[in-house]
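**Q** Sharing a structure with you now.
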Amino acid sequence: MGQVLPLVTRQGDRIAIVSGLRTPFARQATAFHGIPAVDLGKMVVGELLARSEIPAEVIEQLVFGQVVQMPEAPNIAREIVLGTGMNVHTDAYSVSRACATSFQAVANVAESLMAGTIRAGIAGGADSSSVLPIGVSKKLARVLVDVNKARTMSQRLKLFSRLRLRDLMPVPPAVAEYSTGLRMGDTAEQMAKTYGITREQQDALAHRSHQRAAQAWSDGKLKEEVMTAFIPPYKQPLVEDNNIRGNSSLADYAKLRPAFDRKHGTVTAANSTPLTDGAAAVILMTESRAKELGLVPLGYLRSYAFTAIDVWQDMLLGPAWSTPLALERAGLTMSDLTLIDMHEAFAAQTLANIQLLGSERFAREALGRAHATGEVDDSKFNVLGGSIAYGHPFAATGARMITQTLHELRRRGGGFGLVTACAAGGLGAAMVLEAE
């Protein structure tokens, strides 16, 4: 076992997570169509503060993330502070770590708490795949800058005359990695082939995810942690996630064609997480501050770890790399965990990470460790379903996972939970949570 790194303040306080909330998650261009991420962020933070009954002035910092950036609101965190009635003096800044963005936001607030610069803060993220920054071609962008500097009408007309019809076409946001040109689905296909993961295995995991998420809603387990969203023109509220298939059937999965490798692929729209809109946030504070306010924490942040690997081959292995570090820093092993919640970007990616966590060879050759991190116990794994069912508003997923895991730990009488995710750019994140 390597070095244990206790997450405590100088006074010995643990980092408490006292509350968490999210909007329902909605598939792209459905319930939240036309609502930008900043408004989703305001919605969830405003409701989180109202439910917690914590005075706004208690919150000294807000760290928030957004992956699909909107040029008109580059600092989503500050806009949320200004748009929710929080104290205008509340420090606020934005972060981005692709699909692990709200993991990063939580880590940043935790670091401020440990440094003693704040005693309470909010971390979270929001994304909209329905309100996108549609750009212009590079040639048109350059001409527009030059036109703005031109002094005469003839100079402006001369500049515009250089453009062709194709230069005027809108440019949608990139869906591929900047450095490689590979889409996330292409990487998932790589991983399915590298680790021998079949179409049947992927469909089975997706089916399991939907079944468990549907059951979680049916049992009322998510009601406390998901707000009702009132959407303009306010005719009908959104109460639950709208991607979950309550009637999920393996036979239906088998009918779908591959989405990326059309000829030989196994990754489909059904065994991948969909483009989604939503927001999620958590309130963190020092343990002593929570006691002062009479709050009973949901749980505590025991450890966290971030990792990075090469992007050209099988880059969505973040959980396999970051989990052993987070466990080591928490002074725990896989067998000590009560729950394991892994982000399901794709069924292929999820199954590959499960395989490598139990691989002695991967531990030796890739991680330089003597033994495998540990087998993943199916009875502890994604017990309420995962991102394939709930959806994945990129910056909000980590906060969803943290809140969901802490609530489930409390229902089970406490214990330790691991939340972990892969992210674009070959990044990985893992956090160990504790509930009493």
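Using N, Cα and C of the backbone, Cβ positions are placed for all residues, glycine too.
What Swiss-Prot shows for this protein is this:
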- Cys99: active site, acyl-thioester intermediate (ACT_SITE)
- His392: active site, proton acceptor (ACT_SITE)
- Cys422: active site, proton acceptor (ACT_SITE)
**Q** Using a 10 Å cut-off on Cβ-Cβ distances across all protein chains shown, tell me which of the active-site residues (Cys99, Cys422) has the largest neighbour count.
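**A** That would be Cys422, with the most Cβ atoms nearby.
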**Q** I'd like the Cβ neighbour count for His392 (active site, proton acceptor), meaning other Cβ atoms within 10 Å of its Cβ, all protein chains included.
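**A** Excluding its own Cβ, His392 (active site, proton acceptor) sees 26 Cβ atoms within 10 Å.
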**Q** Round to a whole number and give the Cα-to-Cα distance in Å for the pair Cys99 (active site, acyl-thioester intermediate) and Cys422 (active site, proton acceptor).
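**A** With distance taken Cα to Cα, Cys422 (active site, proton acceptor) is 7 Å from Cys99 (active site, acyl-thioester intermediate).
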**Q** Using Cα coordinates, what distance in whole Å links Cys422 (active site, proton acceptor) and His392 (active site, proton acceptor)?
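**A** So the Cα of His392 (active site, proton acceptor) lies 12 Å away from that of Cys422 (active site, proton acceptor).
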